Amino acid sequence: MLPNRFQETMETSHHNHQNPAFIGDDGRSTASTVVISSNSPVPGATAAGRDNADQEAGAGKLSEERATWGKGVEFLMSCIAMSVGLGNVWRFPFTALDNGGGAFLIPYLIVLFLIGKPIYYLEMVIGQFSSRGSVKVFDLCPAMKGVGIGQALQVFMLSTYYAALVAIIGRYFYESFRNPLPWAKCHEEWGSNCIDSAPDARNWLPQDPQDPQDDQPIQKNYTINDESQRVRTSSEWYFVKEVLHEKPDIIDGIGLPNWELVIGLFVAWLCVFLIIRRGVKSSGKASYFLAIFPYVIMGVLLIRAVTLPGAADGILYFIKPQWGKILDPKVWYAAVTQCFYSLSVCFGNIIMYSSFNKFGHNVHRDAAIVTGLDTITSLLAGFTIFGILGHLAHEIGTDDIGTVVKGGAGLAFISYPDAIAKFKQLPQIFSVLFFLMLFVLGIGSNIAMTSCSVTAIRDRFPHFKQWQCSLFIAIISFAIGLMYITPGGQYMLTLVDFFGASMIALVLGIAELYTIGWIYGTDRLCKDIEFMLGRKVGLYWRLCWSIFTPLIMTVILIYFYATYEPLTYNDKIYPGWAYSIGWTITAFGILQLPVWMIVAIVRDPGRTLGEKITGAFTPTKNWGPLDPLLREQYHKEIDNELTPKRGQGVWPAIKQNIFG
């Protein structure tokens, strides 16, 4: 809770000035002027004015030039399109299944409550309050600018291989119009160890090789030690042989790009460029389609899935709790990573999107909507997928639904096509709808990641036009993305995902939480929220931002490194040069922290080393709302509120930071 004196100050300040920040979603301001009280001087205003005259003038220009969402709902739709993505559809159902089924939902909801929702709201607030992108927002603590730069590099790497996945999805979407589906039947060149995915191939287990006329499946275990002789479905062979042209290893290199996927990659980046070329003006309009259309398709698939024979058994299998796993630390780790990556927190995307909001937009409401909708979408996807799997198990005649489809990296391109091919009635319709949904979800998420990179560059180089920067990023990303659509591309995608995302994201995310929660200060953040939104911040948010969220993330990071095992792909280890590339990527991302910390200390104008260090960990003088008049009023109020307990010792400072 905020102290009574601060509440009185805020009430007085609201009488002294009308805040133009409170602008409705229709884009109209509720106030036309700002009247700053001249009765009391602003502490340090004169010095700040002398030191930062040029910065103030520049900020004034930026406040006029910086784009904003046409309507508040465009921001909400863009966040939904960003956070509700591929992970909800193909990762969540099987992550839940592998970690206790319905019992997984308990740790997942707890993690959402203590990590996902607090971080989402925090990043929305800090981006909207400062109108700065994911790098420039660290003007709140210049020494930690490396967090923003590291996240920008990380998001750039993610966007390059995300587009490659969209290219593969596009290939499947195109092939879905064929009759029969090209992955439904085995091809002669794939060899004899192939079984059809189509429904007339009821040999779910391989036939007796001594009796080629035997149409009945053999009810016994079938094990082959030689991986090359393992029996595979036609959908798996199609993915490996026809789509990827995958190599058995990358010892002698990754090969040349597949021209069909090159076309898909070009289309993916063309879509992204066309949508973001005018910034939020164009991406905001596209967000309606990108956010709503996948739900239309998902609704159609869900209705069809639950009406299939055996669907109820599949859904029950999905939600049935395995209580023995609820205390397993692996389950909690899976819940954290699913929540962390599904919501896209600590990647800079949320800060970037919210920086284009009008100052008083209700992000508290939006954070609650997006985090809740993300979970609901994951559950709906689970019901849809396992409804279909229950139907397939019913057709095949097995009670073990877990054996019908396997999870893993190839889930979307092996298991789902295999399931779709088993529909006896018009499988093309299901295939077209499913892959169109995945394509739209992938484009929506990639727009956010690419926009984050563009915004980071334009915040640093404001004269770089939006379309020029977007085109530059698209071309560079397309060139890099060619690596992922080669015969060894999945090896490289897995490598970059692990070393460029998983290994870096947690470290930078924790650094961000401690920076905002303890260096900048939870108490100051709460005062910023009250100044911006005119609403008090509850104890739940204070405890999460200062204690629970960073502490849980730290424990997860320790667990991650304690259980680290060398990365493999298809149970094959990488050559030494690949591991060297991976660790170089990780080191480059994490080393941004100490490098930019040193740069900030050296650049600080302080006379002594102590003054330089203190200055580097103190917000810049032009930190605050982008509007100069609002910023002046903000500095007057925040200086008055942060002064009382300074210098009273460690414990009073800790107590003030947590409880206010």
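Note: Cβ is positioned from N, Cα and C throughout, glycine not excepted.
Where the annotation comes from TrEMBL, it is an automatic prediction and has not been curated.
Cross-referencing 1-23, 208-230, 622-644 with TrEMBL places the feature region 'Disordered' at 1-23.
For C194, the cysteine that TrEMBL lists as its disulphide partner among C141, C186 is C186.
In this structure, the recorded positions under consideration are V84, C186, and the one with the smallest number of other Cβ atoms within 10 Å of its Cβ is C186. Sequence-distant neighbours of S342 (Na(+) binding site): residues of the same chain at least 6 apart with a C-beta under 8 Å from its C-beta are S83, G85, G87, N88, R91, F92, G116, D374, S378. Closest to C194 (disulfide bond) in space, going by CA atoms and restricting to the binding-site residues V84, L441, S445, is L441.
Ranking the binding-site residues V84, L441, S445 by Cα distance from C186 (disulfide bond) puts L441 first. Around L441 (Na(+) binding site), the C-beta neighbours below 8 angstroms that are at least 6 residues distant in the chain are A81, V84, G85, L86, N88, V89, P294. Counting C-beta pairs under 8 angstroms (sequence separation of 6 or more), the transmembrane segment (498-520) reaches the transmembrane segment (581-602) with 3 or more such pairs.
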